[in-house]
Amino acid sequence: MSLLSPSHTFLRHHLHRNTSNSSTRHSLRSFFNAKSSLSLSTKTHQCLTNNSTYQLHFLPDITSLCESNDLTKAYLLLQENPYNAQIKEAIGVLLQACGRLKNLEIGKKVHEIVLASTQYSNDFVLNTRLITMYAICGSPLDSRRVFDNLSAKNLFQWNAIISGYTRNELYSDALNIFVELITLTELKPDNFTFPCVIKACGGIGEVGLGYVVHGMAAKMGLIGDVFVGNALIALYGKCGLIEEMLKVFEVMCERNLVSWNSIICGFSENGFPHESFNFFLEMMSCDVGLIPDVATLVTLLPVCAAEGAVEMGRLVHGLAIKLGLNQEIMVNNALVHMYSKCGYLSEAQILFDRNNNRNVVSWNTIVGAFSMAGDKCGSFDHLRKMQMEEEMKANKVTVLNALTICLGKSEFLSLKELHGYSLRHGFQNDELVANALVAAYAKCGSMTSAEYVFDGMRSRTVSSWNAVIGGHAQNGDPSKALNFFHQMTCSGLEPDWFSISSLLLACTHLKSLQYGKEIHGFVLRNGLEKDLFVAISLLSLYMYCEKSFSARVLFDGMEDKSLVSWNAMITGYSQNRLLIDAITLFRQMVSNGIQPSEIAIMSVFGACSQLSALRLGKETHCYALKASLMDDVFISCSIIDMYAKCGCIERSQWIFDKLTYKDVASWNAMIVGYGIHGYGKEAIELFEKMQEQGQWPDGFTFVGILMACSHAGLVEDGLKYFNQMQNFHGLKPKLEHYSCVVDMLGRAGQLDDALRLIDEMPEEPDAGVWNSLLSSCRTYGALDMGEKVAKKLLELEPKKAENYVLLSNLFAGSAKWDDVRKVRQSMKENGLQKDAGRSWIELGVNVYSFVAGDDTLPESEDIREMWREIEEKISEIGYKPLTDSVLHEVEEEEKINLLRGHSEKLAISFGLLKTTKGVTLRVCKNLRICVDCHNAAKLISKVADRKIVVRDNKRFHHFRDGFCSCQDFW
């Protein structure tokens, strides 16, 4: 101890003495003199030699200071002891520490010490460490200066500079220096050179050059080296050459943990998750006894995340705990990402909270997790907490993760905050951030702000243009989308699949078929037709433009039909009222073994609703039950709507009552169902119950309740709810609400009140409003008002046959046959034709259609015979043909014959002919049922002892025991 004390005191004295001492200044000056050397004077040499304790502990003290990250003290100690015998080793230790801690400032000062020494300025070991230190500190230019200033170089310096370039991703420079090595020197690359060069080949995607380097390594007998083999596995994996990667792995005579990690990573990055898992399990079971490290786990966990394989993820998590790696920051971050990606956000949150060593990646991962889950509150809450942490600032990735949750107007202020933060930290110049800001502003409906960001971008890529084009296409300004597309092409940039898809969306909104066809031509010329998104965008365009045949040709030509493409076709058919085609394609989809999505099923329910195809609706309902889709609110609402529109309102009520959760849409579907069946009181009771249970009605709710009051003749109630809608619920009535009230007043004969309401409307009435009033004028014979209303209607819709038919019927009802002929002549001149009365009935798996007056069916004679029997029976209890329902200038006998040929009478007769006693007949008609057929159906229900349900173009009629559910008010 007595020997150690003086040395300890001497060390502390030299670390803390006054550096202004003249002798010290002199020694330092000579030390940094370029001409001086580290040769020792005799006196100094004797002094230091005598102090053997100091010589013994100088290097351990330097090492200890470096290990405790106190590089400043280590440098001062080095600086004050230039003649120590261990100075070279001490410089080497300090340079390594500078690299490890990326302390470029101290590293450069140590470099000055080396340069000042004639003894060490060309030392191979120290210069190699200088090259490496600069490379690790991210200063490859300084590494190159050191390398170029060497008077002689051995392989270690060449390897160091190649490694430095590769480390800093200057792959081309690394390959150039490698070429210099093999062409300008006699040195031969070794098992340290080749891994760096192979990595550089992968960095620039030069697999061809990688093959050459692979061949060189083989010729030099290094192919069996584990480091070379690992680098080749990584190269081929990165370039997607799975077979070559596997061959290298299989021929390796020695494999270490990096080998296994590389092969697992290669399979993972190339979309072979199961192979990744298999190789991991093989590694764990091999005899070598390899133990997974951090790299293994952070390679496997993203695979689990991508595949949603949470069970495998849990196994990896358990392994991490067993190995004591679960607290490693990279492993913890990967676990948080895996659990959140698999939908286990609470587990991710627990792991994040338990992590006491969080870095920026940790915060980015949890912010991204909540954004991905659509939890905007959680995402922004973590973002704020992150900003409150000391020395923890959001970076570009943080901003990008937070921007993905800005999807609506409610996030606009948060979006502005993120934009402001980006401006303050210079992120707005980053292409990804700028593009994300444009897209986020577009989603929030602020295209002005989106364009502001776009205009401020220094350079614009295709992605930048796509963001603003897609924004305008999705925000209802497709013309601007087209303008920006033209600007993009004029700037010399080629559109990609996203540009084309956005442009097709714009054309779809504009119904611009011609321009859409031009884009289709561009797609074909540039080979983009196989792109799934482009193909589906084209399908949607043709369907929206009512070119279903073109859409079908495109669909049939698709090699790989995705679920989205089937959905687009089925939905398109349904929207274009090609209902049979929609149902047929759905059946084909199921028979091909494709699991229909909720969208396709909803479209089929919609088709069944419009066709009143109850049997198929029930089949689809069974499918939804088997597929466990009943908890989906859209599916359940579609089923309620389907049963209501197929005449089974009781079944709709049963489904509604069974729902575990009823949102506004569910209540709306049921209220509308009651409305179209004329069950006004039931609709009102349900409306009141809805509010009692805390559900707040919306605009659609009031459409349903007003329609119900209209069909049930509950005028006072309807007006009460119309006022309540405005004064209590604060909802501004739209045209559809006014149309319901006008229809309600008109049906009740309050035509003047209906016209007064139209005059007082805050906006111009549309054709639907005038159509409702004209129909009421026809019912009540209000000829003068009807003519004025018809004039307004024809101004708005001069090419719609139904409007002329209403006016013609108005004149015919008042026996104004000359005016009838004039209206029919106008229809001819406009190329319009009245829709023939058509009814259809579903029996078994078939739907049978009947047109008024059609006697060409195979069963026509049987149908006529059935009607004669029925007419005879109902005549006995009071039926008399109501010839006023025939709006033609013909004889009475002819009118009676025309009444017998009405399509609903044919359908009912056919139903009685083909079904057994007790079976309910369900008939649909494309026009409003006439008074004569309505009277006949009531009496038929009584004499045949059948329930008959007729759905016309306005509502349902339930006939039973000689009465109708409408109570003759329709």
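Backbone N, Cα and C define each Cβ position, glycine as well.
Automatic prediction, not curation, is the source of TrEMBL annotations.
The feature domain 'DYW' is assigned by TrEMBL to 878-970.
Restricting the average to the repeat 'PPR' (154-189) gives a pLDDT of 94. Per TrEMBL, repeat 'PPR' is recorded for 154-189 (among others).
Sequence annotations record features per position, and here TrEMBL assigns repeat 'PPR' to 225-259 (among others). In the repeat 'PPR' (225-259), helix, strand and coil residues by DSSP number 26 helix, 0 strand, 9 coil.
Residues annotated as repeat 'PPR' in TrEMBL: 461-495 (among others).
Per TrEMBL, the feature repeat 'PPR' maps to 562-596 (among others). Only residues 6 or more beyond the boundaries of the repeat 'PPR' (562-596), in the same chain, are considered here, and those with a CB under 8 A from a CB of the stretch are 532, 535-536, 539-540, 542-544, 546, 548, 551-552, 555, 603-604, 606-608, 610-611, 613, 616, 623, 627.
What TrEMBL lists as repeat 'PPR' is 663-697 (among others). For the repeat 'PPR' (663-697), same-chain residues at least 6 beyond its ends with a Cβ under 8 Å from one of its own Cβ atoms are 633-634, 636-637, 640-641, 643-645, 649, 652-653, 656, 703-705, 707-714, 717, 721, 729, 955-958, 965-966, 969-970.
Residue counts for the repeat 'PPR' (734-764) by DSSP state, with H, G and I taken as helix and E and B as strand, are 23 helix, 0 strand, 8 coil. Taken from TrEMBL, the feature repeat 'PPR' covers 734-764 (among others).
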Discussion item. Using DSSP, what is the helix/strand/coil residue split across the domain 'DYW' (878-970)?
Written reply: 37 helix, 16 strand, 40 coil
